[in-house]
Amino acid sequence: MSGSIDLTTIWAFIIAFAVFAYVVMDGFDLGIGILFPAVTVGHGRNRAMNAIAPVWDGNETWLVLGGGGLMAAFPLAYAVILPATYPLIIAMLLGLVFRGVAFEFRWRDEAHRPFWDLAFFGGSLVAAMSQGMILGALLQGIEVADRAYSGSWWDWLTPYTLLTGLGTVAAYALLGACWLIWKLSGDVQENAYRLATRAAVATLVLMAAVSAYNLVLLDQYRHRWLELPNILFASQVPLLTAIVAATLFWALKRRRELAPFLLALALFLLGMAGLGVTIWPNVVPPAISIWEAAAPHRSQVFMLVGVAITLPLIIGYTGWAYWVFRGKVGTEGYH
Amino acid sequence: MASLLDPLLLARVQFAFTVSFHFIFPSFSIGLASFLMVLEGLWLKTGKSIYLDLFRFWLKIFAVAFAMGVVSGIVMSYQFGTNWAVFSDKAGPVIGPLMAYEVLTAFFLEAGFLGVMLFGMNKVGKGLHFAATCMVALGTFISAFWILSVNSWMQTPTGYEIAANGQFLPGPSWWAIVFNSSFPYRLIHTVLAAYLTTAFAVGGAGAWHLLKDPANAHARKMFSMAMWMAALVTPMQILAGDQHGLNTLEHQPAKVMAMEGHFQSHPDGAPLVLFGIPDSEAQTMHYSVEIPKASSLILKHDLDAPLAGLDSVAPEDRPPVGPVFWAFRLMVGIGTAMLGVGLWSLVARWRGKLYDWRLLHRAALLMSPAGFVAVIAGWVTTEVGRQPWTIYGLLRTADSASPLGAPAVGASLLAFVVVYFAVFGIGVWYLLRLMAHTPHSGETGVAGQETGPVRTSGIVPGTAPRLEREP
């Protein structure tokens with residue numbers, strides 16, 4: 001049995017890794033979509049699109065791993081969270097439909113390109129907002145009875161979930177702007193610096209608001225963060241966040257090209273760490289722990305073998321694909 | 001019972017709708033990825049630019065079809081949780097890992113190499129680019145492998161244990177789960193169906209261009225390749241389908257009874273019902289046209305072999321007969337027509353008229369969507385035929401759904417219908433437009449459009465008509 005417990009923890013970290021990989025990788029794709037109306041029509045938008053066209057599909061696959069992996073490793077959590085956030089999941093999926101086809105369709109139909117650009121923006125915005133609200137709906141706690149969701153139709157819509165939704169939109173926009181800074185040059189890059197600064201301010205304000213709200217949301221969160229000795233460890237997260245944020249503004253001001261993206265990633269990593277501290281060891285707050293939701297030992301072992309073999313390969317060839325398309329988009333001879 | 005406001009019925013309609021729409025794209029892209037691999041391989045081997053032109057012609061079509069397959073596929077991976085939560089909780093420990101393997105071994109492979117395949121030829125060189133194309137084609141096949149294993153396990157569950165809380169748990173051997181008894185048959189039948197679907201779509205496009213210009217060398221080449229596939233693969237598919245049917249008779253006899261329209265048992269030789277109007281209420285076939293004892297001959301290879309009918313199945317365990325009966329006939333009818341076109345093309349080839357026989361071209365054009373229709377009809381046959389179960393004989397469809405109200409399921413169904421018809425309708429129109437574009441030498445790549453995606457090297461949008469050049 002002890003072996004099974006260890007595997008459950010490992011699986012919790014694998015799912016967390018998949019979610020994190022999705023959030024940062026599709027995060028910059030979706031962020032570029034969210035910022036699309038603020039990007040110059042014509043060469044700006046074309047290049048912004050080209051900066052992600054070869055990689056977006058791979059980035060989105062992490063969402064399938066997050067969803068599929070959750071069903072496989074924590075079937076009870078999958079079976080509770082999805083009905084509880086039903087309208088948000090559907091909205092996210094439909095948003096991703098519009099976002100995904102826009103990549104191809106905008107090149108196939110010049111006459112209607114403004115329409116597909118609008119679909120790209122709208123789809124990205126709806127998907128990001130939905131994802132943030134799903135996170136909020138999970139954090140605020142889900143009512144469960146007899147292995148099934150027992151809350152009401154509108155539980156997912158609260159001031160808190162709207163806040164987490166907006167926070168996610170802002171944070172994705174920050175990542176997207178930082179990616180554009182790295183991949184583009186000239187006037188489009190200069191515009192991205194301005195957008196990144198604004199998005200960073202919005203992200204930090206909303207992160208702080210969500211963190212403060214967490215303290216009054218559930219008693220268990222307050223105990224986790226504010227009581228001794230927890231506070232000594234937990235307080236490192238906001239402290240580090242402040243340091244990273246200050247460095248990010250400095251890097252943007254100094255017009256550094258790669259540093260803003262890496263610092264934005266660091267912000268996400270800290271956000272993820274804060275999230276982990278908040279809900280651990282639950283997978284569905286307030287009552288279902290990872291061990292209660294876990295798949296049986298045999299399922300965990302079978303999948304772990306697959307992950308151990310394939311994940312390094314996936315990271316390897318995904319890295320290669322990024323390497324192939326390295327450098328600035330639309331400038332001469334950078335490789 | 002079957003009221004429009006029944007959340008169970010709405011959830012079933014939603015799944016049927018989203019999966020049918022989704023299935024159209026992979027059944028095209030599985031075959032198309034292999035076709036592209038063959039084209040690029042022939043180009044590398046022979047150095048003939050016609051293969052590169054055809055590769056680029058179909059690559060643009062592949063890119064659009066693949067994008068629609070991806071976005072409609074993500075919806076599927078969440079349908080299980082949103083509308084079938086009880087099923088997901090119960091079956092997750094067994095089928096979840098198989099689906100996770102699909103993501104790990106197939107989806108990442110396809111997605112990881114797709115970017116290089118679409119945009120990378122002038123960056124990585126011919127050899128590596130061909131390797132990327134092969135990886136994408138391999139990925140589409142591995143994806144079919146896992147998802148059909150999942151589907152087959154739900155049809156013929158083996159290798160499981162049942163826990164005290166009602167969950168299905170994996171037994172000691174995953175081999176017994178993955179290679180359940182209907183899986184090899186279903187896999188072969190479905191992959192061949194994808195190849196045939198693509199062959200007839202490609203053949204139809206070739207025929208269209210031959211009708212406009214019989215001298216077009218590119219149209220000739222694609223038509224000829226497609227007709228070889230039609231002539232060679234259709235007989236294989238008919239054999240595979242027959243074997244799959246015999247396997248179904250062994251494991252899901254009620255499904256075969258519905259396919260055959262056998263309401264009554266036939267103790268001494270069952271007739272083959274060619275046509276009829278099934279009436280489930282009265283448990284009888286109206287106006288039926290039958291060949292005596294032929295069904296026993298096909299299914300049992302014996303004219304007088306007894307065959308049980310639906311009267312031997314408890315009423316609550318019977319599948320609906322109408323949809324299964326009709327869909328099966330539609331699929332078999334299309335298969336027969338495919339065989340006809342394939343044989344016709346052999347005659348035309350033998351008589352040296354393959355590129356000039358306009359009636360054959362018209363027939364091929366008419367048949368171009370046939371594969372898609374047959375695939376959906378086959379899907380309806382097998383999925384409606386296994387009702388009323390999600391896990392055959394063990395978990396009922398009625399006991400699998402999420403605890404959702406009809407308004408929730410109905411509203412999301414409406415949203416899917418509106419968005420899918422609009423978005424994928426436009427997408428299919430773009431596909432047709434790309435196919436209608438005359439294939440010619442010096443075909444541009446995906447990145448070769450004047451304003452198309454310009455990659456990180458080289459050229460500013462609008463200044464260069466061609467980006468993708470042989471290195």
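Every residue, even glycine, has its Cβ placed from backbone N, Cα and C.
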_Looking at A:95-118, A:119-142, which stretch does TrEMBL describe as transmembrane segment?_
A:119-142
*Selected stretch (most C-beta pairs under 8 A with the transmembrane segment (A:231-252)) from A:119-142, A:195-216, A:259-281*: A:259-281
_Are the transmembrane segment (A:162-183) and the transmembrane segment (A:301-325) close enough to be called in contact, which here means at least 3 C-beta pairs under 8 A that are separated by 6 or more residues?_
no
*Quickly jot the same-chain residues contacting the transmembrane segment (A:301-325) by Cβ under 8 Å, restricted to those at least six beyond its ends, or write none.*
7, 10-11, 14, 54-55, 58, 69, 72-73
*asked:* Are there residues at least six beyond either end of the transmembrane segment (A:195-216) with Cβ under 8 Å to its Cβ atoms? List them, or say none.
replied: 31, 35, 38, 136, 139, 160, 163-164, 166-167, 170-171, 173-174, 176-178, 180-181, 222, 225-226, 238, 241, 245, 248-249, 252, 260, 264, 267, 271, 274, 278
*Could you tell me what the rest of the chain brings near the transmembrane segment (A:119-142), counting residues at least six beyond its ends with Cβ under 8 Å?*
23, 29-34, 36-37, 49, 80-81, 84-85, 88-89, 91-92, 94-103, 105-106, 149, 151, 155-158, 160-169, 172, 210, 214, 217-218, 275, 278-279, 284-286
